[in-house]
Structure formats: C-alpha cells, structure tokens
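What follows is a short report on a single structure.
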Amino acid sequence: MIKKFDKKDEESGSGSNPFQHLEKSAVLQEARIFNETPINPRRCLHILTKIIYLLNQGEHFGTTEATEAFFAMTRLFQSNDQTLRRMCYLTIKEMANISEDVIIVTSSLTKDMTGKEDVYRGPAIRALCRITDTTMLQAIERYMKQAIVDKVPSVSSSALVSSLHMVKMSFDVVKRWVNEAQEAASSDNIMVQYHALGLLYHLRKNDRLAVTKMLNKFTKSGLKSPFAYCMMIRIASKLLEETEGGHDSPLFDFIESCLRNKHEMVVYEAASAIVHMPNCTARELAPAVSVLQLFCSSPKAALRYAAVRTLNKVAMKHPSAVTACNLDLENLITDSNRSIATLAITTLLKTGSESSVDRLMKQISSFVSEISDEFKVVVVQAISALCQKYPRKHSVMMNFLSNMLRDDGGFEYKRAIVDCIISIIEENPESKETGLAHLCEFIEDCEHTVLATKILHLLGKEGPRTPTPSKYIRFIFNRVVLESEAVRAAAVSALAKFGAQNDDLLPSVLVLMQRCMMDSDDEVRDRATFYMNVLQQKQKALNAAYIFNGLSVSVLGLEKSLHQYTLEPSEKPFDMKTVPLATAPITEHKTEIAPVATSKLPEKLAPSRQDIYQEQLSAIPEFQGLGPLFKSSEPVQLTEAETEYVVRCIKHTFANHMIFQFDCTNTLNDQLLQKVLVQMEPSESYEVLHYVPAANLPYSQPGSCYSLVRLPEDDPTAVSCTFSCTMKYLVRDCDPNTGEPDDDGYDDEYVLEDLEVTVADHIQKVLKPNFAAAWDEVGDECEKEETFALATVRTLDEAVNNIVSFLGMQPCERSDKVPENKNSHVLFLAGVFRGGHDVLVRARLALADGVTIQVTVRSTDDNVVDVILASVG
C-alpha cells in the first residue's frame, strides 16, 4: 500500500511524500475500520487524510464506493475527538458532490452548529451549507440568521462566507438575511466586518443606488477593519468607472481620504485605485504618487516592491507625474531585492532624460543575469518604450539587447527581445543592418520555431532592400539544411523574396530552390516548386502577387468558403472574391505590460471580429444572399453617455448593400421596450429595404435591431450619405423590483444623432509589405493624379493622419510615420474597394504655407479612382 523507501530514495528526495503511491482500492478497504468499536481516532484520522489526498489529486471515486465510504465516515460523529471531528467536516465538504444521500449528516451538523463547543460550530456551518440545496435551505434559515450575529467571530464569519457562496444558488432566500448582515457589519472583529461588507455588496451589486447608499453609510460611520476599507475602495472605484465620475465626486473624495488611513494596506489600496482610474489627470494622481514615494523608503520589502511596481505602471501613461520620485527610485537601484531594483530601473528608463540612458543601461547590465525571466521581459519592454522616446540612443540599446539575446532564457524572454529589435529596425532605418546581423546570429542557434520563422520572414522582407543582400543568403539557406520542417518552409519563402527583388541573385536563388525541391517534407517541396516556377517567369506582376504580397483574405473565411465549395460540386472554378478580406493587423504599441504567458503551445487561430459578424448576420433569414461581408466599421455612438437609452451603430458593408446594426441598451428600470427598430431617412439615393426589430429590450440587457439598405446602382461614385435616425418602440411600464411589465403599452420614439456613411466605409484596409511591387502589379491603366492644398493644416503629421483616417486605407512601408525636421514626405496607402477592386494611393506632401498634396491613385477600376479623388477634393 505505502511503499517502503530505501536509503537511495531518501537521498534523492523522492521519498518526501508518504502518500505518493497510495491505491484507492486499498484506502477504501482500510475505511472499514470506521465501523469498528471502540473508534480509534488516530487511525481513522490517518485514513481520512488519505481519502482527502486522493480526492485532491484528481482520483475518480465511483458513486457507489464514495457513498459507502461516506456512510462509514458518518459513524465517526460518535467520537468526541476534536481533530477527528474537524477532519470529518472537511471530508463531508470534499465528498458532497460525489456521494449520494449526503443529507443524512444534516442532523449531526445542525447539532454541532447549535451546540456549546465553539470549535465545532464554524466548521459545522461551512460543511452544512456545502451539502444544503435550495429545498433544504429554509429549514436551516433560522440557524443561519442566528449564526451571522453570533458573538463568536469564527462562527459569524463562517456563516457570512457560507451565505456568500449560497447567493449563487438561492439569492432570494439569502437576501432575507440582510438585516443580520448589517448588524454583523458593525462588529468590532475585523474579519467579521469584512465578510459582512462582502455579503452586503453581493446582495446589492445589481442596484447601483443601493450600493451608493451603503458606501455613504459606512464612510460616515467609519470602519474598524482594514480589509473592509480595501473592499470599500474597490467598490467605490468600480462605481466611479461605471458612472464616469471625476475628481469632484464624493466617491473620489472617499478614496483620497483613505490615503491618510493608519493602515498601510488601506493607503496602498487607495493609491493603487487612483492610479488605475481611466482618464486620471496629473493633478488627481499627485497625492497617490506622493504616498507611493514615501513607501519607496519603507524598511519593508513588500511595501517598497508594491510602490515601485505601481509607479512603474504610472510611468507608462504619466511619466512626468513620476519624475518627482526619481531620486527615491535611484536609491532603489542598489536594493538587495533584485525585483525591486529591476522595477526601479525600468521606471527610471521611462521617466529619465536622454543623458541618463547610458548610465542606467550600465547599471542594468551589472545584475540582469541574476533576475528571473519575468523581470527580464519587463526590462526589455522598458527599453522598447525608451527607443521610441529617444530614437538616437538605438545603438546603445541594440548592443545591450544583442548581449541579452546571447544569454540563457525562456521563450517569452527571447520573444520580447526579438520583438524589441524588430521595432528598433522599423523605427530607425539606419539601424537595420546592425539589427538584422544580430538576428541572423541568433537564428544560428535558436531552439524556438516561432522565433526562427518570424526572423526569417523579416529577413525576406528587409534583407533584399539592404546594400548587400547576398550576405543574408547563407544564414537563410543554413536553416534549410539544419532546421525543422516549419523553419525550412519559412526559409524557402524568404529565399524567394531575394530572388524576386534582386536580378543579380536570381540565378543563385534558383539553384538553391532546386535543392529545396528534393526536401523530405511536402510543404517545403511544394513551396520550392511553386516559387521556382514563378521566379522563372521573370514577371514583376507575378512576383508581386505571389511572392511579395500574397493573399489578403480571412483564413477562417477561406476555410469555410472552400468547405462550402466542396459540399456543392460545381463546374465553375472557385472564386476568391467570395472570401471575406482579412482585416489589417493593429500595430499600435500597447501602453501596459501584458502578463507573461506560461504556455508554449501554439494558439488556436481565433476568429476575427469580422468573422464573428459574418456568422451572426448570415443566421438572420432577411440577410440571406447578400454575399460575403466586405467590411464592418467600428461602433459609432448615436446617443450621449448619460441618456435613458444608449444606442451605437456598426456599419456592415456588402457588395451592393449595407446593414446597419444598432446595439441598444435600455437604462430605465421601470420600462420594458418591445418591437424596437431604428427608422432611417437617407439624404442621397440610398434605399432602405428592410427593418429587423429587436423583440424585447429589458432594463440593462443589450439588444440589437438591424436596417438593410441598398447602395445606389445608377451612380457608383455616390458613396457618401447622411441618415437621420429615429428609434421607434412600444413601451410597457414595469415594476422596478420584479421586472413584471404592465399588460398595456404605448408607442413612442426617440430621436438619435445623424449617421454618416463615408468613403472609408467602402474600403477595406489591406497591408502590402512591398508597395512598389504592388504599384507595378496594378499598373497605370486606371491611374489619375490631382493636386490639393490644405490651407488649415500646419504640419505634415496632421495631414498624414487626416488622409489615413478619412480614406480608411492601410499605410504601407511605415509611411504614416513622418521623419523629424522634414518639409516633404511620401505616404503610401493600400486597400480594396467594395466589389473586390484593388486601390493604391501615393500622396506626396510638401510643407509651405499649409500643406500641398499631390495624390496619385491606381486601381483596377476607373470608377474607384474617381471616387477616391472626388472624396479627397
């Protein structure tokens, strides 16, 4: 049963767990000892420990065997041994879901719960509530009410916490105990007060007014429990976030007053709450930052760590607010706790001046090898932010990152470094060759397939444009010889890009491709054969379409369309235009540190927002036969934030139609809305075909209604339109407490903001990694050029942002970033116009008195070119 360990096992440490080799059948056999008389508490205790151990290890107990063991265990209530009795309570809780007829112990537990032994009463309450269902709850309601207000803190806390668990099961019954919970909230015991506040909040959390009243009551009367204060701060900050209240709110005043509390945990909780408030100004942050600054010099390591970690987060959005703490943070660089020292340095990197960068980097180098991977990632993210702030310091950063790349470390750490180097390369063209050289060195000995393929993709994209592209060929082909199938396939794709862009390298690349065609893996052979045939044609249009820019369709959409095509055999070839386009990737930098993922498994391809919309809309019968969804806009608010109804609109564009999805929320708890629709009146030749109303709109439960509109067929250039919108509905008054509506109702309407349809709603962003190749591929058959003057625009940055947002196209080659101190700039934009027509825009901008723009548009359709130029004009 329990293996006897020899000396070797003891020395290796494998014998440290005496329950390691337990067998369920043997333990259940031993459980028969429970039926013996007299009861042996020590032996029974040991067997119960084994049963609980097996249950917690995930061992499966059949219903019959679990029930038999449970019934045998109930005999142990005859013993008066305190430890054995409390072990019985634990076993009851563990076996409550797997045994039958567990309610047979109800009388024993009720007896202990109401008995004189205080040591039994709390655990008995917890065990009883674990086995009680909704039908039995009323039978113990009287005992629970008494226990909540009991003078013994452990009993009261047990009853309160058990009540909190039962709220999910029987909310209406537990709600009747609110008076007792309020009495417990005035207890002198800090844990009882905390648990009582928690129960009161969960009973009232769906009623904002009741929660506000509760907060006002306790802020006036005061609390003795620091835990309760922390919960109050969290509730107050949640309310502030929901109501979008500012620093003039009484709730904010309460949180700020907690900064002067005598308990450190309350002070920190208040500071943390203020720091994490959205749209918090520097003035509102100041008192919280002052408190955190004091904590930086605390003798307690936990407080120093909490302070510097929170200041680190503040520095991401408000670096100037943390500048006052720089001296305190400098002192923490030499802290004996490496985690604190790391956070101090990364915070200084965000708040420090350009002149302090070199010194800080040297200090990090002295101990970076001693800290964990998690904190190394934090350091790398701080360096990445610093590179954007001080681009001239990229050489110092690059050397530091290359040294870190050579050190040992896990996948997340290495990925953070690679991402940082790639961002430096993209932001600073002069650092490209140095960065690529470091990455080439890294993939020579890289055990992470994901990183190797990512770097090979970057080499294929950036390498051919460097002055000496041939030097990268060796590193890439080494991957074909030495690596796994996925890396070999990525290397073949990278090689093809060198051959397509550099005529001098083409013969050498073709020789290497021939070798790759002999590979043992299907994917590698197929890619090599495909690229070989494309490259041999020596046609720029083919290279652009099949090597540089590739497909720009949704992968999930392609999979579904192909599956549908195979289910319905057809003589016609598969049409790629039936597949929804992929939405362009979001490349903006995150402002917050993401938690380090522990999983190294490849993530399953998640459906995009547009894939989800496509599925939702295709399920509505009125929208059948519209074809693939072309584009979905971001939500547009049609009401103010604090109005009785909140309405936002998402515009879904198809080839010849638009669907307007109105997401409506009713914020009045005394009304039920029915047959809700938004009536639309267009200003142009758009035609409203059909309305799909929302059947019911109860209080605080969002619902959607739809309007189907046909686009103008006679004038393809008529893309812009303004709709006046009115929400129409049937109102039925209802009881705010029960939600029961009246039998009768009346029609009403609510005027919404006007809704604009612009040229951006007809264009889907598509990223072209190689814009020049795409420009040649489209050709100049449908090309037009015009010059415009923007008299009111004063900077190139502003002009670029205006053009990008207005046209709704994807900036390529990072041309949306205007270099400093430049008077001219070229912006490249790519997209697909509704109907599947490629459209490319090259805008040459010059700064003089205002900004002058020369716009050149190429497309596969003349009408699209006219639409773009007309909209810009």
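Numbers run from 1 along the shown chain.
Each Cβ is built from the backbone N, Cα and C atoms, and glycine gets one as well.
The structure displayed is predicted, hence computed values, not measured ones.
Per Swiss-Prot, compositional bias 'Basic and acidic residues' is recorded for 1-11.
Annotated region 'Disordered' per Swiss-Prot: 1-21, in sequence order.
Marked as repeat 'HEAT 1' by Swiss-Prot: 64-101. DSSP states for the repeat 'HEAT 1' (64-101), grouped as helix (H, G, I), strand (E, B) and coil, give 29 helix, 0 strand, 9 coil.
Residue counts of the repeat 'HEAT 2' (283-320) by helix, strand and coil are 32 helix, 0 strand, 6 coil (DSSP-based). Residues or ranges marked as repeat 'HEAT 2' in Swiss-Prot: 283-320.
Taken from Swiss-Prot, the feature repeat 'HEAT 5' covers 395-430. Per-residue pLDDT, averaged over the repeat 'HEAT 5' (395-430), rounds to 86.
DSSP states for the repeat 'HEAT 6' (467-504), grouped as helix (H, G, I), strand (E, B) and coil, give 31 helix, 0 strand, 7 coil. According to Swiss-Prot, the repeat 'HEAT 6' annotation covers 467-504.
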Revision key, fill the gap. Reduced to three DSSP states, the repeat 'HEAT 5' (395-430) has 31 helix, 0 strand, 5 coil
